[in-house]
């Protein structure tokens, strides 16, 4: 029986064993790739852990028992924090494949009303990426949930904690390149021609300048080398560690027992507690867990494993760590301890001194390359974190350059890059010692881990819907173990630990001031919306002349008409025939699929020709300037008009409230729609677009001022026609014709050029924050029109003062 009969022919059943083999092969390949992306920096920590531990308070305790105890501490720290906490627990708390502190925060905001920006809509909860876990219904009767939602001060405190953690991670982006590169080149101090410390610092600075200067090229051309470099490095340190165990002191194997930790503290006492800051460096690259929320690469230690879920499966990251990275690091630390137990005087450069002479130079080269890979990871991840902070309304607008046409996650932020470079060079030149930098590095990372544990406990309760008792047990267990390291790291504040505190406070102030000012500005717009009754009273002409064309009025409001619109209506004699209120907003999900990006609705009845368009992006989405926005908007509105005509819900009453009723317009629906006939033509020089404009003045301006920002970009020029459909309603056809004619006449982009000031009755602190801090940030960041890729030739800005 053929297919024409309508009977489907079942496909042959798949072999379960072949499927499992394919899945395993895929995860093994991803595990291989993750070695270069996630573990570049973690694997280089043996360069400086022992020297940072024993130089200082333990100088008088450099004996076999202390060294065995230090290794035992390192072993159990690696086992409890990266292996147990991150590999076995936190890899299960990803946000649609994304990890990191902000991913945890976005999960919490979706399951409880923790967000401070009131621009979320019920339609956002229908996004496919919004749904998480078996059920989105959290127990509404949870006393803890109600308590946190009720008190705004607690929600503000939660945001401050998240921002502080993110700021610490940015600080880690300054410290990681400094300590990694400086520790790698310090191997030249153990060669026959020993270099002075000043020469080592100069060499490290040269490498760092080159590293930051090459950031704008991206990593796509060299990224394929990352995994082989890290694998060679891991094999090298494993081999050296195994050699040192056998050659120097095989008894070091006994130090795996926790009994040696007891002996360590019994002998060293308070000095041993102070030294925990050095032990902490064996897992500190995990601070990266934040930063690596990156679309293409993410790479750091324990935290990096969690943050790179967007590109690697949880199984692949677990395989790579449990069967490759973890054993190699344990054997290397064990081998160094065996070497130091026989050569305690060489603790300053214990790693390089423990390398057999014939292989010193190859290991030195591989070590330098591995530290560059790890530093590259943290820098790129910092860019990603900054972009994510901006998407969630917590960072000023900055220029984002996409360094790869094929991989959306590879981005470069020039301003942040040069700020990181200056700060990294200042740290390297100012401290000139991996020990002092390590003190700062350890405090930054353990603080992020401490915050992550707290957020994870909330996720266990509100997202996983487990009991508060289980969340409390998780919190207390890891807070106790991490609290011991945090207390030791805080004691190092005078010896370099103040650096991450200062950096994090500065970055946190910038982020919170921006978020506070943005929230106040939004609330002003929310409480000063134009009355729809007033608009309806003006009639379809709005009391002015409606001229051909489309006016796109940009606002942060998701509902209502912004106050800037009343400025036009009351001060200008004419306005566009078709008006679209556009709101571009971020939602607390990683990605929004193109099929769910547009929400279209009406603001007033049909004769007014006033529409609303909400464009939704996730915090990992990239807003590309592909020149298709206008065409997609016209097609979406046309589809909405046709959908509305056939839906009784939209046409039930002319007097009912129009604003707030929105429909998701899918690109698939648009493609299958027959309301418009679309003809396309590509053009490189813009001549076609100039000739298509009906405005002679606009033609001359476009000829005189071509698109300098995107020269040579191939733009699609689309012409629309109403399809010949006998069954189409006359009103629908007329509205579609008006829409097409307005598009042919030209599109104008209207934005508010706002000045935000504090009210006279405000407190001195609020005036300081708004009038100085927020105003300074707004004046020195990218303009909203540039960030939204709005063509300047079509831009109209309306000045307005916000008294908040």
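Backbone N, Cα and C define each Cβ position, glycine as well.
Here is what TrEMBL records for this protein:
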{"type": "DOMAIN", "residues": "30-535", "note": "domain 'K+ potassium transporter integral membrane'"}
{"type": "TRANSMEM", "residues": "66-88", "note": "transmembrane segment"}
{"type": "TRANSMEM", "residues": "153-175", "note": "transmembrane segment"}
{"type": "TRANSMEM", "residues": "195-214", "note": "transmembrane segment"}
{"type": "TRANSMEM", "residues": "226-248", "note": "transmembrane segment"}
{"type": "TRANSMEM", "residues": "273-299", "note": "transmembrane segment"}
{"type": "TRANSMEM", "residues": "319-339", "note": "transmembrane segment"}
{"type": "TRANSMEM", "residues": "359-386", "note": "transmembrane segment"}
{"type": "TRANSMEM", "residues": "407-429", "note": "transmembrane segment"}
{"type": "TRANSMEM", "residues": "441-463", "note": "transmembrane segment"}
{"type": "TRANSMEM", "residues": "470-491", "note": "transmembrane segment"}
{"type": "TRANSMEM", "residues": "497-514", "note": "transmembrane segment"}
{"type": "TRANSMEM", "residues": "534-554", "note": "transmembrane segment"}
{"type": "DOMAIN", "residues": "548-802", "note": "domain 'K+ potassium transporter C-terminal'"}
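Between the transmembrane segment (195-214) and the stretches 66-88, 153-175, 407-429, it is 407-429 that has the most C-beta pairs under 8 angstroms. Fewer than three CB pairs closer than 8 A are found between the transmembrane segment (497-514) and the transmembrane segment (319-339), and contact between the two stretches is not assigned (pairs 6 or more residues apart).
Sequence-distant residue pairs (6 or more apart) of the transmembrane segment (66-88) and the transmembrane segment (319-339) include at least 3 whose Cβ atoms are under 8 Å, placing the two stretches in contact. Among residues of the same chain six or more beyond the transmembrane segment (534-554), those with a C-beta under 8 A of the stretch's C-beta atoms are 561-562, 564-565, 569, 572-584, 603-605, 607-610, 633, 694, 739, 741-743, 745-752, 784, 788, 790. Cβ atoms under 8 Å from those of the transmembrane segment (319-339) belong to residues 27-28, 31-32, 34-35, 38-39, 42-43, 45-46, 49-50, 67-68, 70-71, 74-75, 78, 82-83, 87, 234-235, 237-238, 240-245, 247-250, 252-253, 255, 282, 305, 346, 350-351, 353-354 of the same chain, restricted to positions at least 6 beyond its ends. Beyond the ends of the transmembrane segment (470-491), by six or more residues, the same chain brings 77, 80-81, 85, 89, 273-277, 279-280, 439, 442-443, 446-447, 449-450, 453-454, 456-458, 460-461, 497 to within a C-beta distance below 8 angstroms of the stretch. Across the domain 'K+ potassium transporter C-terminal' (548-802), the model assigns an average pLDDT of 76.
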